[in-house]
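Asker: Pulled these from TrEMBL:
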type	residues	note
DOMAIN	82-455	domain 'Amino acid transporter transmembrane'
TRANSMEM	87-107	transmembrane segment
TRANSMEM	113-134	transmembrane segment
TRANSMEM	159-179	transmembrane segment
TRANSMEM	211-228	transmembrane segment
TRANSMEM	240-260	transmembrane segment
TRANSMEM	280-300	transmembrane segment
TRANSMEM	321-339	transmembrane segment
TRANSMEM	369-388	transmembrane segment
TRANSMEM	408-426	transmembrane segment
TRANSMEM	432-454	transmembrane segment
TRANSMEM	466-485	transmembrane segment
Amino acid sequence: METKLKLSDSKKVRCMIISILGFPDKNLTESLLSRRVKDIMGISSESPNGSQQIVQKETRDETTPLLPVKVEEEGFHEFNGASFSGAVFNLSTTIVGAGIMALPASIKMLGIIPGILMIIVVALLTEASIDMLVRCSHQGKITSYGWLMGEAYGQWGRIALQASVVINNIGVMIVYMIIIGDVLSGTSSTGVHHRGILEGWFGAHLWNSRAIVLLATTLFVFAPLVSFKRLDSLRYTSALSVALAVVFVVITAGIAIIKLFNGTVAMPKLFPELDGLSSIWKLFTAVPVLVTAYICHYNVHSIDNELEDRTQIKPIVRTSLFLCSSVYIATSFFAYLLFGEGTLDDVLANFDANLGIPFSSVFDDIVRVSYAAHVMLVFPIVFFALRLNLDGLLFPTSRHISRDNKRFAIITISLLTVIYLAAIFIPSIWDAFQFTGATAAVLIGFIFPAMVILRDPYGIASKRDKILAVSMIVLAVLSNSVALYSDAMNIFRKEEEA
């Protein structure tokens, strides 16, 4: 019986080869598949000995995963057993960062009712976007966000995702370090000197200057915490970080309620005040802040990989988003109630004055110390994803960074040095952070997950998924374009007034 196959049947042969070898299509190169097809079809031009050598070489190649598997998957299987609570705290710590301090100003701009509704809506959209990533990743046995983008859009898709994470996370961590320096050592970036906690307690000295304090924080706090190779190792510091955020909320709420009963709190506005087209455009500047406040997508896969039961990731995401949304709503409402129209872009700066209650200075210091400690504990969680994605950009063909101690140390030390120097020599990067961070954040949080669903590499997307994905992209592009335009106009207007 004739056993040779026609060239038109090569696709069937390809599927048969994959089935026989037991390898997924993504782990075989096109050249390997072509040679396999030719061998089975009997059209190889190699001699019998040469064919045998090729088969032996290709068999060796098959035992070595290609780039996405080797870089992203290797090194994740030595540990499986992260707890549900530890995963919730790690994801919650990823979410609750510097964004919490900008939310009260967003509520002031939008009004209480639209502001709280926007916090809830963005939380729901965040859950939907993470669900898109998780379902596709589980279907394709994908272990990283970058690998998933690579599967959907090739090498450039992976590079775009990793570059966005690097830009976003470096900006976030520089802001974190600047905040720590402002809180502990003070700042004069606005022309008025605000004393830091250490300066207020001990006076101005060399040892509590900004450079020394941040250097000590980097060496004795950040360096040990970023040395862990597993995200679950940070579960206890993450739990403490969430607790410190709750302390901030409780103190703020307590002071606001006391002043409310004393009648010293003005009635906050429920809806925004609109007096023209410019005020409407200005409302959109709150959108990047809300989006940035929920970005955690770059750590979802790392948390998922460490779970013994990966079906837990969805309830973990829902629990974390519920917890963080509650913290965000409480913080925004009570801080705006407390400071009213005097709420600053960074509400932490409002705790540098008399709060109008007994022991005001004590509460000011407690709030600032607790938040500075919270930021210190958030730093290593964000750093974990930064290091992983930067390594993927620089060394895409190397083995996983957790298995190369030298590369792990070099990248870690280099990143800490760059972030420290930037925090020392850049007095304030809020404007730059709003542009770069918000743009990268919206890509990571909404546009890239929606693009994966629209490409649908595993055929799991429903019609509802694709409609939601298109809506997310349209909303993200329009709102952030308007926000960036409005921010640029505000900067130009300030320069003209100056």
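Positions of Cβ are set from backbone N, Cα and C atoms, glycine also.
How about a rundown of where these features are and what they're close to?
Answerer: Taking Cβ pairs closer than 8 Å, the transmembrane segment (113-134) reaches residues 103, 106-107, 145, 148, 270-272, 286-287, 290-291, 293-294, 296-297, 300-301, 304, 313-314, 317-318, 321, 324-325, 328-329, 332-333, 445-446, 449-450, 452-453, 465, 468-469, 472 in its own chain, all 6 or more past its ends.
Here the transmembrane segment (159-179) has Cβ contacts under 8 Å with residues 97-98, 101, 145-146, 149, 153, 214, 217-218, 295, 298, 346, 348, 371-372, 375-376, 378-379, 382-383, 385-386, 389-390, 392-393, 415, 418-420, 422-423, 426-430, 432-433, 436-437, 440-441, 443-444, 448 of the same chain, all six or more residues outside its ends.
A Cβ distance under 8 Å defines the sequence-distant neighbours of the transmembrane segment (240-260), meaning residues of its chain 6+ beyond its ends; these are 89, 92-93, 96, 100, 323, 327, 330-331, 334-335, 337-338, 355-357, 363, 366-367, 370-371, 373-374, 377-378.
When Cβ-Cβ distances below 8 Å are used as the criterion, the transmembrane segment (369-388) is approached by residues 90, 93-94, 96-98, 101, 144, 165-166, 169-170, 172-173, 176-177, 179-180, 183-184, 197, 217, 221-222, 225-226, 228, 231, 234, 237-238, 240-241, 244-245, 247-248, 251, 298-299, 302, 348, 401, 408, 411-412, 415 of the same chain, each at least six residues removed from its ends.
Long-range neighbours of the transmembrane segment (408-426) within the same chain, counting only residues 6 or more positions beyond its ends whose Cβ lies under 8 Å from a Cβ of the stretch, are 170, 173-174, 177-178, 181, 210-211, 214-215, 218, 222-223, 226-227, 229, 383, 386-387, 390-391, 394, 401-402.
Listed as Cβ neighbours of the transmembrane segment (466-485) (distance under 8 Å, sequence separation of 6 or more from its ends, same chain) are residues 125, 128-129, 132, 281, 284-288, 291, 435, 438-439, 442, 446-447, 449-451, 453-454, 456.
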